[in-house]
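Below is one structure, written out as structure tokens; comments come after it.
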């Protein structure tokens, strides 16, 4: 028994808290600080730290919003590339925190394997996305058709290679730490990569499904900060001591109103409402369609309780505006919990920000912690309440089947329509 206990201690397999602390306490993560430009430091030197932070955050926020407008103008494909870049940077910031712990033990392959798994997961998700949304393009090109056919097998083979590399990298005395880091990498992939691809899926459904949710989160973040800065008195949550109930409630009402106005403006433009499609004739990606009912003005009766207050009996609005209320409500009430989660994570490792990429704001992950949670909700919302079967995609897949399979589907569909009495009516006509 004594021999087995000593062997367990030697291999790092005991479960004591003190050992866990020693493993993660060997090298603390490098503390991050805001790298404020010297020009701003000199210009704001006479202000208190509170107002200096206000101006730094405000100026950089305006700069980021301007950049956001520019990439929207450049179109959906550029937006997709920006999402990819943001994903890589967020992954880098989280992995770096783990690497600072891991590096002190001089253990092999952690960073290499982390980036390898990122490559594998991106290959899987992007392959699935391209096959789903641009099926005609994939079927037209022979190399793409082969890759599409065996895509999941190739993805799994790539992952297995990384899995075997991890097993071969295990070092005696540090098994537990290495498995901690293996889990760290996979949780990071789940949070960052999966959510970023959901953002791309939302984008392909129409830029409005990308812009409105992201803008609602940005608006809520700004307005909650504004209300909290000027009126905040009551603490909201211990994880974020600066968050207040006044900011939380004020941000909610401001975001719902903002979502309604932004949705009204964007619903009138096809470039925002139409899904991204590949045009075989022009060999290019297009955003042009006949607007669906979601983006056509409808007349709605106002509830009797509000008619006396507003003086209106009916109101004309786009159906999408009603959906925008759900999106902005989630962005205001549930979205901030993504930020609270990130705050708890940073407190666990005693760091202020994930990085110092953006002065006054921290790292890229500090700005996108709520966006990833929002992306999942929007994707689930579209699948549950908006998207139905796409006839064009079904026809595309039907045409790739063998002739005998196509004939079987045709006869089945014909028998179904005859039973319903629809095919006879068509033949008579």
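Keep in mind that glycine also has a Cβ here, set from the backbone N, Cα and C atoms.
All annotation found in TrEMBL is predicted automatically rather than curated by experts.
Per TrEMBL, the feature compositional bias 'Basic and acidic residues' maps to 1-22.
If you look up TrEMBL, you'll see 1-37 marked as region 'Disordered'.
The annotation transmembrane segment is assigned in TrEMBL to 109-126 (among others).
Marked as transmembrane segment by TrEMBL: 153-171 (among others).
Taken from TrEMBL, the feature transmembrane segment applies to 178-200 (among others).
Non-local neighbours of the transmembrane segment (206-232) in the same chain are 54, 57, 61, 65, 68, 72, 76, 79, 199, 242-252, 254-255, 258-259, 262-263, 266-267, 271-276, 287, 295, 320, 324, 327-328, 331-332, 335-336, 339, 370-371, 374-375, 377-378, 382; each lies 6+ residues outside the stretch with a CB under 8 Å from one of its CB atoms. Taken from TrEMBL, the feature transmembrane segment covers 206-232 (among others).
Within the chain carrying the transmembrane segment (244-266), a Cβ under 8 angstroms from the stretch's Cβ atoms is held by residues 208, 211-212, 215-216, 219-221, 223-229, 231-236, 272-273, 317-318, 320-321, 323-325, 327-329, 331-333, 336, all 6 or more beyond its ends. Under the heading transmembrane segment, TrEMBL lists 244-266 (among others).
The transmembrane segment annotation in TrEMBL covers 320-342 (among others). If one looks beyond the transmembrane segment (320-342) by at least 6 residues along the same chain, the residues whose Cβ comes under 8 Å of a Cβ in the stretch are 208, 212-213, 216-217, 219-221, 224, 237, 239-240, 243, 248, 251-252, 255-256, 258-260, 262-264, 267, 273, 294-295, 354, 365-366, 369-374, 377-378, 381, 385-386.
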Given a Cβ distance threshold of under 8 angstroms, which distant residues of the chain, six or more beyond its ends, lie next to the transmembrane segment (178-200)? 23-24, 80, 83-84, 86-87, 90-91, 94-95, 98, 101-102, 107, 110, 113-114, 117-118, 121-122, 125-126, 129, 166, 169-171, 210, 371-373, 375-376, 378-379
